[in-house]
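Trainee: Sending over a structure as C-alpha cells; questions will come in a sec.
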There are 2 protein chains.
Amino acid sequence: MGERVLLTGAAGRVGRAIIDDLADDYEWRLLDRDPLAGSQPGEVVVADITDDEAVREAMEGIDAVVHLAGDPRPEAPWDSVLANNIDGTQTVYEAAVETGVERVVFASSNHAVSAYETDDRTPDVYRPDDEFRLDGDELPRPGNLYGVSKAAGETLGRYYHDAHDLSVLCVRIGNLTKGHPPIDYERGQAMWLSYRDCAHLFDRSLQAEYGYEIVYGISDNDRKYYSLERAREVLGYDPRDNSADHDD
Amino acid sequence: MGERVLLTGAAGRVGRAIIDDLADDYEWRLLDRDPLAGSQPGEVVVADITDDEAVREAMEGIDAVVHLAGDPRPEAPWDSVLANNIDGTQTVYEAAVETGVERVVFASSNHAVSAYETDDRTPDVYRPDDEFRLDGDELPRPGNLYGVSKAAGETLGRYYHDAHDLSVLCVRIGNLTKGHPPIDYERGQAMWLSYRDCAHLFDRSLQAEYGYEIVYGISDNDRKYYSLERAREVLGYDPRDNSADHDD
C-alpha cells in the first residue's frame, strides 16, 4: 500500500489487466505514448519509451517499475523492435538506476522461446500428457524478431541487476485473453494467462523479494509446457485458472 | 579450398590473426569501415556494417561469413553497441539469408558472460585447481553493455538458424594476444587465445558441420574456466597453446 509504481505501456492489454484489478493497491503513475482515454486510477504521463529524459522524469519518486511498453506485434519489423523494445528497455533500466528505483518488472514474452516448439515437438507439446518443460534456465530461442527483442530485454535486465543491484523480474507472458482461453487453439490454451492470474502475478512481482529472475506468466493449464515452479517459489504465485476448465 | 569467405571487421586484431594465418586457404573478401593499409590477400570492401545495401552487396557470391565487425570496446557506450553490434549483426544475418550464404561465424565475447566472475568466485576461478566451468549452455551474464550486445548477437543467430536454416557458430572469444599471454593478469591468462589457436579455431569453424552452436574461443590454458568440450566435439578444435607454458 502506498508503493509508487510506474507502469509503462498502460494502454495495452497486460496493462489493463493489471490496473483494473490492482487500481487501489498501489499509487500508480501510468505512462503511454498515446493519451489514455477515460478516467485512470493514478497520474498519467504521455511519453515515448525511447525518450531518455521523459522516462527519467517519469521515474522521479517511484519505487518500482512495471515495464510493458514496446511494440507488441510478434511480426513487428526489426527497426521497430530495435528502437521500441531493445533501446526502449535499456532506457528504462538506465533511468531506473539513475533515479534510485529499486525494482523493474519486465514484460518478456513466450516468443523469446517459441522456437522450442519445433515440428518434432508440436502439437504434442501442447497436450496434457507431454512431459517437455521449459523452466526459465534455458537459452532463449525466439520465434521472431520480436522474441529476439524480448530476450535482449532479459539480458539487459541481467546486466543491470549484476552491475547496479537493481531487482529485475522478467515475466515471459503467455497468451492473455479475457474471460476464457483461446478456443480451438491448442498453443493458446497451453500458455493461457487469465486476467485475474495476470493481475495476481504482477501483484506478487511487486511484493516478493528477488535479485534477478525469469519466470513464466501463464495460468495453471493442464496443457502447459512452461514450468510454474520458479514463479511459485520465488513470487508465491498461486494461479486460480486452468484453460482445461473451459473445455465445455 | 576456393571457398569464398567474407570477413567483416578485417582491420581488427581477430581479423588479422585469421587472415595472416589462413591467407591462402580461402578466397577472402575483406570488409572494414576504414580502408585497409598495405596489400591484402583478397578483395577489399570499404563499408559500414549497418549499411544494409552495402553489406548485401558484399555477400554476393559468398559461401560463408566471419562476422567480426563492431565496436570492440568493453566500455563502449550503449548507442554505439546498439547500432554497430546489435543492429550491425542483424544486418549481417539478414543479408546472409537474402543472398543465400550458408554459414555465419559470429565473434561473440567473454564479456557476454563475464558477470559470472562474481566477488565470491574471483580470483579462485582463474586458478588451475578451481572446478567452476562455463560450457556455453548457461544464460548470458554480461559484465557490460558491450557484453549485452554480444549476447544479443548470439540470440539473433539462434533465430536466423531456426527460422532460415542458416548455420551459425558463436565464438565467445577470450583474450587474444600475440606471442605470449597477458603477464601478471590472472583473468587474461585464464582466457588467453593465442594467434595460432585463433586462426585454427576459425579455420575449423569454416570447415565443420553444425546447425547452431556457442563455443568458447580460448587456448588450452591450465587456468581456464571455460570448457573447450563443445569446440573440440563440434569443430574438432585442437588448441596447441596454454598460458601456463609461458610462466617462466
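Keep in mind that glycine also has a Cβ here, set from the backbone N, Cα and C atoms.
Keep in mind that TrEMBL annotations are predicted by a computer and have not been checked by a curator.
Residues annotated as domain 'NAD-dependent epimerase/dehydratase' in TrEMBL: B:5-176. Residues or ranges marked as NAD(+) binding site by TrEMBL: B:Asn84, B:Ser109, B:Tyr146, B:Lys150. What TrEMBL records for B:Tyr146 is active site, proton acceptor.
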Trainee: Max Cα-Cα distance in Å among B:Asn84, B:Ser109, B:Tyr146, B:Lys150, the residues listed as binding NAD(+)?
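Mentor: Taking every pair of listed residues, the largest Cα separation comes to 15 Å.
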Trainee: By a 10 A CB contact count over all chains shown, which of the binding-site residues listed here is most packed: B:Asn84, B:Ser109?
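Mentor: Ranked by Cβ atoms within 10 Å, first place goes to B:Ser109.
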Trainee: Setting B:Asn84, B:Ser109, B:Tyr146, B:Lys150 aside, what same-chain residues sit with their Cβ within 8 Å of the center of the Cβ atoms that define the NAD(+) site, listed in sequence order?
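Mentor: Other same-chain residues with Cβ inside the cutoff are B:Gly70, B:Asp71, B:Pro72, B:Pro74, B:Ala76, B:Val81, B:Asn85, B:Ser108, B:His111, B:Ala112, B:Gly147, B:Val148, B:Ser149, B:Gly153.
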Trainee: Same chain only, sequence gap of 6 or more: which residues have a CB within under 8 Å of the CB of B:Tyr146 (NAD(+) binding site)?
Mentor: B:Asp71, B:Pro72, B:Arg73, B:Pro74, B:Glu75, B:Ala76, B:Val81, B:Asn85, B:Ser109, B:His111
Trainee: Which of the three DSSP-derived classes (helix, strand, coil) applies to B:Ser109 (NAD(+) binding site)?
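Mentor: Assignment for B:Ser109 (NAD(+) binding site) reads strand.
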Trainee: Average the per-residue pLDDT over the domain 'NAD-dependent epimerase/dehydratase' (B:5-176) and send me the rounded value.
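Mentor: It averages 97.
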Trainee: Looking only at Cβ atoms, how many others are within 10 Å of the one on B:Lys150 (NAD(+) binding site)?
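Mentor: For B:Lys150 (NAD(+) binding site), the 10 Å Cβ neighbour count is 29.
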Trainee: Specify the secondary structure state of B:Lys150 (NAD(+) binding site) as given by DSSP, simplified to three classes.
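Mentor: Going by the DSSP assignment, B:Lys150 (NAD(+) binding site) falls within a helical segment, counted as helix.
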